[in-house]
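Worksheet: the structure to be examined is printed underneath.
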Amino acid sequence: MYLPKEKEIIQIKSYKHNGKLHRTWKKTVVLKSTENIIIGGNDHTLVVEADGRKWVTREPSICYFHSDYWFNVISMIREDGIYHYCNLGTPFAVDEQALKYIDYDLDIKVFPDGRFHLLDEGEYEQHRRQMKYPDSIDRILKTNVDVLSHWILDKKGPFSPDYIDIWYEKYKEYR
């Protein structure tokens, strides 16, 4: 498997279950790259939606991807604290073009005070019917919602107190 090197700039591409491109983040700096974990950082990066719409992120973010879990975490560094946006999706795959994953609609938003909410359940159910997600995928996603909830409550991985300090400092050094 191809692995990007630290300091390398990569794209992140999310797809839907039907194979269609969903969204592309144009520039993310690789901060850590192993077979199991890729951590990246970006700030004011161009994002292109599948329909061609474009927008630019507003704040620095640290992105966490794992090869064993069906979620990734985008930690947004804002003036009033750290917000985590967690996408339920496949473990990452990476090649010379981009880091890639399939987005399965469900998201968890974590607020600076630790509160969190599961989002987009209606969109998930609609796409589950339209794209015929297998029951096995549904079970995996529900299990990973539970795993992610425990990580948030236990302040594990990207939710640990030192995580942002360490990786944001490295991002500022690399960019």
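Cβ atoms here come from the backbone N, Cα and C positions, even for glycine.
As the structure is a computational prediction, the values presented were derived from the model and not from experiment.
Per Swiss-Prot, the features are as follows:
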ACT_SITE  Arg23  active site, proton donor
BINDING   Asn87, Asp103, Asp107  Mg(2+) 1 binding site
BINDING   Asp105, Asp107, Asp120, Glu123  Mg(2+) 2 binding site
In chain order, residues whose C-beta lies under 8 angstroms from the C-beta of Asp103 (Mg(2+) 1 binding site), counting only those at least six residues away in the same chain, are Ser14, Tyr15, Lys16, His22, Arg23, Asn87, Leu88, Gly89
CB-centroid shell, 8 A cutoff, Mg(2+) 1 site Asn87, Asp103, Asp107, site residues removed: Ser14, Phe71, Asn72, Tyr85, Cys86, Leu88, Gly89, Tyr104, Asp105, Leu106, Asp120
Residues other than Asp105, Asp107, Asp120, Glu123 within 8 Å, Cβ to Cβ centroid, of the Mg(2+) 2 site? Leu88, Tyr104, Leu106, Leu119, Glu121, Gly122, Tyr124
Taking the binding-site residues one at a time (Asp105, Asp120), which has its Cβ surrounded by the most other Cβ atoms within 10 Å? Asp105
Please list residues from the chain of Glu123 (Mg(2+) 2 binding site) whose Cβ is under 8 angstroms from its Cβ, counting only those at least six apart in sequence. Asp105
Conformational class of Asp120 (Mg(2+) 2 binding site) under the three-state DSSP mapping: coil
Taking all protein chains shown into account, the Cβ-based neighbour count within 10 Å for the residue listed as 'active site, proton donor' is 16
Asp107 (Mg(2+) 1 binding site) and Asp120 (Mg(2+) 2 binding site), Cα-Cα, nearest whole angstrom: 6
Would you mind listing, in sequence order, the residues at least six apart from Asp107 (Mg(2+) 1 binding site) in the same chain with a Cβ closer than 8 Å to its Cβ? Tyr85, Cys86, Asn87, Leu88, Leu118, Leu119, Asp120
